[in-house]
Each structure stands twice: as structure tokens, then as C-alpha cells.
Amino acid sequence: MPGGGITLVGATNVDRVEAPVTMKAYMMCAFAAFGGIFFGYDSGYISGVMGMEYFIHMLTGLDPPPAGATADQKAYFALPSWKKSLITSILSAGTFFGALIAGDLADFIGRRITIIAGCAIFIIGVVLQTASSGLGLLVAGRLIAGFGVGFVSAIIILYMSEIAPKKVRGAIVSGYQFCITVGLLLASCVDYGTQNRTDSGSYRIPIALQMLWAIILAFGLFFLPDSPRYYVKRGKLDQAAATLARLRGQPVGSEFIQQELAEIVANHEYELQLIPQGSYFNSWLNCFKGGLRKPNSNLRRTILGTSLQMMQQWTGINFIFYFGTTFFQELGTIPNPFLIGLITTLVNVCSTPISFWAIERIGRRPLLIWGACGMFVCEFIVAIIGVTDGSNHKAVSAMISFICIYIFFFATTWGPGAWVVIGEIFPLPIRSRGVGLATASNWLWNCIIAVITPYMVGTDKGNLGARVFFIWGSLCVLCFLYAYFLVYETKGLTLEQVDRMMEETTPRTSAGWVPTTTFAQEMGLTDKGTLDPAIVEDVERKGSVV
Ligand SMILES: OC[C@H]1O[C@](O)(CO)[C@@H](O)[C@@H]1O
């Protein structure tokens, strides 16, 4: 019988009642979002460090220009492009591979322990970077730290999507994006605070501080349960029941817990029937099976997840966060380009929480569709102003205003939306790898954009200047079409119902979909039942409930 050892259950009831979300349960699910700080801080601090005098001197042997130096002398005192590119992109290389293998580990040792392992690897990388006084150790440290960030960034999405109650899952996963934005802000503030130091503390302090985020996350996770879906995958139903009970703040024998668990088990069994796991290699191949014609095939979902994350980067957001300051410096009319950098980062932080509400009330699909529209309109306006009147002070102020509105649209829609959707669209047998692949795609495109945009935009290179916003705007038009034609509405459904919904609808009809039957019913299971009383008793005896 499906679920070995469990007597199934009202999985089954399409209208089963969800456990009420207690504050404690909410906090437990939301805590992991803290890991987003790694992502943001790591992406953010390095550009400031690469402009610091002590750091440039250390890696080039050049002496800082004297007071009153000419513009040429100042420009000469900088890291060569290849070093900048290597230092920046090596982290993404590590994160890319980290995210790819993290999924496997998460199925094997659990979601929680994989994140804790990611924190430990990250700390090793940070220690090496902090101790470095040359390029070799610094690059090695960033590669290792990146590997750890890859683990953390992929598995946190998986973990949060799997433990959160369906009603608040979107809001909780959006909390991860919020923490990314806070990380970016913290990085700017710390860089700002240490930039004028004339000793190695200027770069060592921002680098070493990151250990704090890893320690807090790893420490907190020690006290949290793993994902019940992980235990179901491993066939450990007693532990699945116990963790679900803790997460929902309900007794293990309650109907809430029994029914929710039964739904997870039934769905897992159903998915395994479709595509059995087989050997290790075969189980990886499962992510690409099912062909392109079947709307909910694993291949289609893998393409959807990876391309959604690619599109999130194609919106051009990191052009603003990585190169915004230099872009405004080159326009020449802004007295304090660093301040503009700070303003854009603040708009990002302050706008993202709106998505906590919007993603549950308005839904994922409309948010992505309208967010893309808002972004392309703003980007075309910025491009037009920049091309026609880019040297006029008022025009530049208008450009900055539209860039801030663009960031508002990103932060409330595509920023969190892409993470929420990738956590929801994969069936359990391939979920960890699917989320890992999608996260790796985000990092890959993050890296590609970081490497190529300076060549496209710079005055000595492609010289696109403000015209680059025509490119970002056009890519946002693609994002709009993509969301309209390919993204399903997953709001308010359990992860198991998402599976069913993708089988029965198309993206455009998905919003009105209501579950009428469940996998468990189809598998001939009754719609009323209970957990094996022996399991309930055992779990209660161990005292691991609530
Ligand atoms: O908030 C902006 C940040 O969000 C991300 O797109 C990740 O979701 C990062 O690549 C970017 O720096």
C-alpha cells in the first residue's frame, strides 16, 4: 500500500481544512529566509572593496595618486579589468556548482543539514579570504565561499517552500528575496564605513563580517525540524508526522496533520509511478524526461524553472546594482553618484515587503505579467531620456526617478516571484534537483551579465551608454510574453495540488482552477482514514510533538 506503514487517509479530501497558522509556526518557516542575506551581501560588498585604496595597492603594488592628481593619474590607480572580472565572477562559478550538487545532498542528508553544511563551507571560504593578502588565496576563498552560498541559496528555497503552510507560502518565500535586498544594503553600508581606512581592515572587515550571517543561520537551523517532504521521500513517515506536527503547531494525531501528510505521501507515490527513480544517473535524467508536448512533464518544468530565473536576471536589475554608480559617474552631471547607489538600494529594500501581501492576494502570474510591463515602460523611458538629453541635469533627475520606479516594479514582482514559483512547480521526486538547477541558472546569468555589461556600456568599449536600457526594456517585453504564455497560477494551492493543476490546465486557465479530485482518490484510497495509531503513539512517546 502507498506510504508503507501508513493507513491512508483523507488526502484525498479536496476541501480538507488547513491547520491554523500560529505565530510560532510562522516564525519557524520564515527563519530560513535569513539566508538571503548571504546572497545579497556577497554580491554587494565586492564592488566597494575593489575600489578601496589599500586593496588596490595590495593587488597591484601601485601607490595611491597624490592629492590634486589628474583624472588620468586617478584612472591609472585601479585594478586591471581581468582581476576585477576574476574576483567578481569566481564567486558565481562556485555558487553555480554548489547549487547544482546541493539538490542531491538535500535528498540524501536532508534540507536542513545541507544548509548547515553550506554555512560551514562558506565560513571556510570567508576565513581564507580574510587571511589573504594576495590574489591567489582571495580567489580560492571566494570560490569556496561561493560553493557554500550555492548550497544555501538553492536549498533554502526548497526548504521554505516545503515547510510553509500553503496560505502564506508565497509571502514566506518572498522573505528570502527581502533578505537578499537587506544583504545588498548592509554591504553598501559596511563598505561605506571602511572605505577610507588606510590599513587592511578596509577590506578584511567587510569580508570577515559575513561569518556572522552564516553562524546565525546555522545556529538557528539546529533548532528547526527538517522538511516533512524530505522524510516522506526517505520513507520515514514517523519523522514526517512529527516534523509536520511541530511546524503546524498541532498534535500529531490531529486530523490536520494526518490529512496533510497523507496528501504528501499519496502525491509522492503517484509521481513515482509516472517516472520511477532508478539508478543515480537515471534519477538525474528524470529532470529532463516526459518530452515537450505534455504540459506538466518534468522536462517542461525544468525548462520553466531555469528559464524563469534566467529571465529574472534578464530584467537588467544587476546592471543597476553592479554598475549603476559607474553609469551615473560617466553621465557626469551627478554630484554624488554613490548616493544614487544608496537610494536605489533603499528603494529595493523598502519595496520588496509589498510582495508579501501582493503575491498571496494578487497571485504569482498577474504579478509577473504586470511587473514586466511596468519595468519595460520605465526602461524605455530611461533610454529615451538618456539618448535625447542625457547631459541635462533635470533630464538625469528624471532618469533616476524612472530607475527607482523600475526597481519598485522589480522588487514587488519578479524579484520574489521567480523564487516563489521555482519552489512550487517541481514534483517531489525531482524537486531538490529542479530547484538546484533553477538556482544555478540564476547565478549563471548573474555572472554572464556581470561580465559582459561593462563591455557593452563603457565609453572605451561598446559605448552603448543609456541605450543599454533599450536592451533591458526589450528583454522585459520578453519577460512579459513569457509570463503571459508560460507561467501558471499557483497561489493558495498545496504543492501537491500544483501538480494536479499543471496536469489539468494551461497557464492562461490556471488561475480559475479548483481541485475536484486528488491523486489519492484516483489511486483508489479512501477519503477518510488515519495515521497508523502505532506511529502516532511512537511519536508522542518520544515527545517530539509540538
Ligand atoms: O534585489 C536584487 C537582487 O535580486 C536578485 O535578482 C536575486 O533575486 C539578485 O541577483 C539581485 O542582486
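From the backbone N, Cα and C atoms, a Cβ is placed for every residue, glycine too.
The domain 'Major facilitator superfamily (MFS) profile' feature in TrEMBL is assigned to 28-491.
Distant neighbours of the transmembrane segment (25-41): 19, 115, 122, 149, 152-153, 156, 159-160, 163-165, 168, 172-173, 175-187, 210, 213-214, 216-217, 220-221, 224-225, 246-249; these residues of the same chain sit at least 6 beyond its ends, with a Cβ under 8 Å from one of its Cβ atoms. Look at TrEMBL and you will find 25-41 (among others) tagged as transmembrane segment.
The feature transmembrane segment is assigned by TrEMBL to 86-106 (among others).
Sequence annotations record features per position, and here TrEMBL assigns transmembrane segment to 113-131 (among others).
Here TrEMBL flags 137-159 (among others) as transmembrane segment.
Sequence-remote contacts of a segment are chain residues at least 6 beyond its ends whose Cβ falls under 8 Å from one of its Cβ atoms, and for the transmembrane segment (171-193) they are 26, 29-30, 32-45, 48-49, 52, 156-157, 160-161, 164, 205-206, 209, 213, 321, 338, 341-342, 345-346, 348-349, 352-353, 355-357, 359-360, 411, 415-416, 419-420, 423. Summarising the annotation, TrEMBL assigns transmembrane segment to 171-193 (among others).
Residues or ranges marked as transmembrane segment in TrEMBL: 205-224 (among others). Panel annotation: around the transmembrane segment (205-224), residues 28, 31-32, 34-35, 37-38, 41-42, 45, 48-49, 112, 115-116, 119-120, 122-123, 126-127, 129-130, 145, 148, 152, 183, 187, 190-191, 194, 197 of the same chain, lying at least six beyond its termini, place a Cβ under 8 Å from a Cβ of the stretch.
Long-range neighbours of the transmembrane segment (303-325) within the same chain, counting only residues 6 or more positions beyond its ends whose Cβ lies under 8 Å from a Cβ of the stretch, are 43-44, 47, 184, 337-338, 340-341, 344-345, 348, 372, 375, 379, 403, 406-407, 410, 414-415, 418, 421-422, 425-426, 434-435, 437-442, 444-446, 448-450, 453-454, 457, 468-469, 471-472, 475-476, 478-479, 482, 486-487. Marked as transmembrane segment by TrEMBL: 303-325 (among others).
Distant neighbours of the transmembrane segment (337-359): 44, 170-171, 174-175, 177-178, 181-182, 184-185, 188, 192, 320-321, 324-326, 328-329, 367, 400, 403-404, 407-408, 410-413, 415-417, 420, 491; these residues of the same chain sit at least 6 beyond its ends, with a Cβ under 8 Å from one of its Cβ atoms. Under the heading transmembrane segment, TrEMBL lists 337-359 (among others).
The feature transmembrane segment is assigned by TrEMBL to 366-387 (among others). Residues 315-316, 331, 355, 358-359, 395, 398-399, 402-403, 405-406, 408-410, 412-414, 417-418, 421, 465-470, 472-474, 476-477, 479-480, 482-484, 487, 511 of the same chain, all 6+ positions outside the transmembrane segment (366-387), place their C-beta atoms under 8 angstroms from a C-beta of that stretch.
The transmembrane segment annotation in TrEMBL covers 399-422 (among others).
According to TrEMBL, the transmembrane segment annotation covers 434-457 (among others).
What TrEMBL records for 469-487 (among others) is transmembrane segment.
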> In this predicted model, what is the average pLDDT of the domain 'Major facilitator superfamily (MFS) profile' (28-491)?
Replying inline: 88
> List, by number or range, the same-chain residues at least 6 past the transmembrane segment (399-422) whose CB is under 8 A from its CB atoms?
Replying inline: 157, 161, 169-170, 173-174, 176-178, 180-181, 305, 308-309, 311-312, 315, 317, 320, 324, 328, 340, 343-344, 347-348, 351-352, 354-355, 358-359, 364, 367-368, 370-372, 374-375, 378-379, 381-382, 385-386, 390, 434-435, 438-439, 442, 466, 479, 487, 490
